[in-house]
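Annotated features in Swiss-Prot:
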DISULFID  C68-C71  disulfide bond
CARBOHYD  N91  N-linked glycosylation site
CARBOHYD  N104  N-linked glycosylation site
SIGNAL    1-26  signal peptide
Amino acid sequence: MASSPLLPFLPLLLLLLLEVPAAAPASPLQSLLQGAAPCKAGEPCLQRPVGKSDPPPVNVNLYYESLCNGCRYFLVRELFPTWLMVWEILNVTLVPYGNAQERNVSGRWEFTCQHGEQECKMNKVEACLLDKLEKNMAFLTIVCIEELDDMEKNLEPCLQIYAPKVSPDSIMECAMGDRGMQLLHINAQLTDALKPPHEYVPWVVVNGKPMTEKDQLLRLVCQLYEGEKPDVCQILASSHKEVCFK
């Protein structure tokens, strides 16, 4: 996958999110800072500031497979930017499995993945990241890995950025062991239980309904959220297409 100009700035973005001065104008960044305030110094903490009467966030579930170029594009170029802009009204769930198949062989699950054994391995790696890391840090680490061409090789540098206390060896041990097998089996069950069944990947379910090819994720999230909209949603609502009549 071609390198994005956005990803190298991820560490800087996080620093900005965590270090915006208290006197800065209200914005999604300021909201994130307020949510991070109770965290210990030096530890990333991206927690949604929740009011007593706040409506629930919009749920976005992504069913995908790690080596699918379309999945990688959606994750890095659409889901991640949307998360950056409206993280406070968004609840993202990643389910790495996709179009894989499983079978029970003598009490152990074996998997066949659309893009070969390496995809099965990386599906397990990402499932283990989701299992072992705080949710937001797992999401950011997976975005980092999916952006880069050699995902397995870049597990270590991505962890160093977003979860420096977690060793790559512990993630690989999880992925190659019984826990990785169990996690991928759970993802298989979640994927197989989809109603309607998924037709392709990436398969995106927003508040329980499949997203159509015509939908734009950020606009859809803004439309579905029932509370006070973030500033970016207000901008979207006031925008319109310009046309030139003949």
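Backbone N, Cα and C define each Cβ position, glycine as well.
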Sparsest-packed among the glycosylation sites, when each Cβ's other Cβ atoms within 10 Å are tallied, from N91, N104: N104
C-alpha spacing of N91 (N-linked glycosylation site) relative to C68 (disulfide bond), in angstrom: 23
Cα distance (Å, whole number) from C71 (disulfide bond) to N104 (N-linked glycosylation site): 27
Local Cβ density at C71 (disulfide bond) - other Cβ atoms counted within 10 Å: 22
